[in-house]
């Protein structure tokens, strides 16, 4: 119940604009300015009890309290490390990021990229902070996390050994913004150790809110160079990682920056590299496409951006991939309507370019618990003329998807598609059914599109007479058995066990005249199914009566068909207790 209330509260916050970069969510409910004003009047400076200067903040295994890697670590403030510390010295540059003893080079690459765009940097690193005016030992940074921007407050105690910073540091010993940003990122994910291992795309996304693609250069698509040019024209961030002799013709060149590189390309074209050499020397190309609110310049184009949160819940909306035909249609579904074709298609063929990204939540937080990421993916189906109807197996299993992505156990899967104008249903899922998880689905389109969850409209038959749950006596059940209700239940009780699988509840309720969406279905399964996610006849009947009663209550309290009601505390308690 609490998680449902939290989800509804977050939804209301989103409607108020909370979660945007300008109205970031306060991480751990800590307000930077309120805390700063409080600690300005006290000594010592601010000490963050939510991320204390203790071994637990360093890590849990290789950087755990008993690890040799953390022996001799002392937490110190910048004012204890140098006489005149600065937040930023003469502007943030790539030389401000030097790797320490933590395997988070992927994060450093993303931080370095921030310094190359002075419009993006202040969105992550508020510039008014300093160690002089208004100093109270407290700093804050804004990081994008799973669909919303969060404002992370930290104190300025940093892990050191022998008087030197243990992790990220600047080449300028008196500059500390990069070390403090790394600490804020570590707090967001629970510890410094949680940052070990990753891809630059993850950092790109968390510092911009963009959507990242990865191209393996040994299998580079034919038009990749043109795709890179187009990405740059749209303000995208590009990165690469490592796992010809042309004369008298135009040469395609790539310029690459390595913020902490010790080698320099000495091949043809000096500071630039031919595209053919680029795909030979490097293994991957990472491309982060930015949201419209991130790009302030009129010199670059803009993507159109849509995003939706969802959940997979065992027994109701965790249907697994198409291989599991009995449950696949239970997964959440989303519709995208594409109308206008691209202005300058890369392959010369008319079509609509979209990026679809599916991200699972809380992966780094789960590392310390020994839990692994789920294998996730999605399929895209042609969709037409079934507005506001959750697609069942009669639709999804009778056609092949027009596009899909491979299932992988990564934080996010993302693919670029070029589709003809039309309507499409996107079905995100885990590979196996009944795997709980939360996800974020994002769609970027070159041209304006329409996207929304594909859900049934609420439609519940209302009788004129008053009914309460106590009225659901044997008399009503007997009538229900003698009418369509018994046939409906038997149809979905496929093994004649006297129960039906909870995944069948949506279809059974719909046949009985009760259309509900995925969120309500999850609540129904949680309330009415047993430990094996089975629903017996009595629970089925009780659920339908409960739905009718709640719908009648809502309609009684609703004003002017707004779809909303307003209750004070007393009214809420009376209804909830009833």
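Just so you know, glycine gets a Cβ as well, placed from its N, Cα and C.
Record features (TrEMBL):
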ACT_SITE  105  active site
ACT_SITE  258  active site
COMPBIAS  7-16  compositional bias 'Basic and acidic residues'
DOMAIN    45-291  domain 'Calpain catalytic'
DOMAIN    480-515  domain 'EF-hand'
REGION    1-23  region 'Disordered'
REGION    43-63  region 'Disordered'
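When Cβ-Cβ distances below 8 Å are used as the criterion, the compositional bias 'Basic and acidic residues' (7-16) is approached by residues 23, 25, 148 of the same chain, each at least six residues removed from its ends. Counting residues per DSSP class in helix, strand and coil order gives 22 helix, 4 strand, 10 coil for the domain 'EF-hand' (480-515). The average pLDDT the prediction assigns to the domain 'EF-hand' (480-515) is 82. When secondary structure is read from DSSP and collapsed to three states, residue 105 (active site) falls in the helix class. Counting every protein chain shown, 17 other Cβ atoms lie within 10 Å of the Cβ of residue 105 (active site).
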